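Peer 1: After the structure tokens below, expect a handful of questions from me.
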């Protein structure tokens, strides 16, 4: 059975072995550790922290001896002064070793893969990619998160399916991987506790955008899974953390480099997030669209991203000779129904009534909609003029849906799972004035004037001829010698 390993009891086998030679869990930070004020001063003044310094700081965070002000000061010093690759690698490793580790059967060593996204609007890739990879022979122990702010959370989307349970123990995760080949679960407090503390502190100290801290947060949570390979979807654009491709590339290179230094093969895909991914935004609506993609249909941009990311993972983990061959295998899993079959198994294994799981995975789009939460009202917006759709801005659309109850402003806030929006047009399509271009699903009264204006301003029209919408995929950053 899968087990949680406490610090000091050993580490998962390679390639998930990131403990370092002679290291078992989080070691004593130093025979004579520096005091926290001295560490903060060093980094504030642009100094380089040693391994003992970083491990001492992480140990103080976990054992409670670091005060909140000291944690915030260190985070700001790192944000302003940065960290080199070795410092970032040590921080990542120390965070990962601050809690318990997942351990899997030796036979699974090369099968374990996962994906992470920096967050976007309409991003339902994980719902499709995990079962597609399982259908290709992988094991996918996906530990995911909830939405906060304008981006949606994978766990929230799955919880729009009645009965789906995201709380699973390590032992239950192994059963799920045996039965379905994949699982999508929430973060356990036993795993990477130091990251949980630092993440909360970053959120209130304006240090969320620090590259070393982002890298350590992402990779520490993946290292404990004992993966063979990881792909990270680094988004850029108007609704992403990074406004442009250059900044996203900097994070991508850091993720790949730190992963390589810790024995984890990481690829990072740079993808555009100016418009929503696919045509649907909102929890239940995105589940419907994910099912459509697993029918072998659905929006081309969603399918393209699923096959691109999946192809990279199959290549990195040795399940395909090239990225293109891997992408073709993922596409075949979408077209032949095997990905949908794995999704049905995952639903049933994670608490969904088997009859409901079967109905969702075998029903028509109209039948599926009857089985998932639905908003009480629908409201369509009309094109204000003739023109070609240049862009549908994702950020204002997401912010209005957030106001309507599709998002949360604080942890634990309830969601309206049926609230969302459907794009009725594609980028590059010619529109006539008065044609419906957006359908809003709402529980409350009609859209307010400011909400309607914000949505209409999200639609960008031009006079140019119709054109084929570009793929959101821009670039793939690979590990050395790959």
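Numbers run from 1 along the shown chain.
Glycine too: its Cβ is placed from the backbone N, Cα and C atoms.
What Swiss-Prot records for 1-36 is region 'Disordered'. According to Swiss-Prot, the phosphothreonine annotation covers 6. Taken from Swiss-Prot, the feature substrate binding site covers 116, 202, 217, 221. Here Swiss-Prot flags 265-279, 329-342 as repeat 'R-V-A-A-A-L-X(5,6)-L-G-R'. Among the features that Swiss-Prot reports, repeat 'R-A-L-X-X-A-L-V-L' is placed at 393-401, 453-461.
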Peer 1: Go through the chain and flag residues at least 6 beyond the ends of the repeat 'R-V-A-A-A-L-X(5,6)-L-G-R' (265-279) whose CB is under 8 A from any CB in it; none is fine as an answer.
Peer 2: 15, 120-125, 219, 228-240, 245, 248-249, 251-253, 255-256, 258-259, 286, 289, 293, 298-299, 301-302, 305, 308-309, 312-313, 316-317, 391-394, 397-398, 422-424, 426-427, 470, 472-479, 482
Peer 1: What are the non-local neighbours of residue 217 (substrate binding site), defined as same-chain residues 6+ apart in sequence with CB under 8 A from its CB?
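Peer 2: Once residues fewer than 6 apart are set aside, residue 217 (substrate binding site) is near 95, 195, 198, 199, 202.
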Peer 1: With helix taken as DSSP H, G or I, strand as E or B and everything else coil, how many residues of the repeat 'R-A-L-X-X-A-L-V-L' (393-401) land in each class?
Peer 2: 8 helix, 0 strand, 1 coil
Peer 1: For the repeat 'R-A-L-X-X-A-L-V-L' (393-401), report the average pLDDT of the model, please.
Peer 2: 96
Peer 1: Based on the record's binding annotation for substrate (116, 202, 217, 221), what whole-number value in Å is the widest Cα to Cα distance?
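Peer 2: That value is 19 Å for the farthest Cα pair.
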Peer 1: Near residue 116 (substrate binding site), which residues of its chain come within a Cβ-Cβ distance under 8 Å, counting only those 6 or more away in sequence?
Peer 2: 218, 222, 230, 231, 232, 233
Peer 1: Tell me the Cβ neighbour count for residue 202 (substrate binding site), meaning other Cβ atoms within 10 Å of its Cβ, over all protein chains shown.
Peer 2: 23
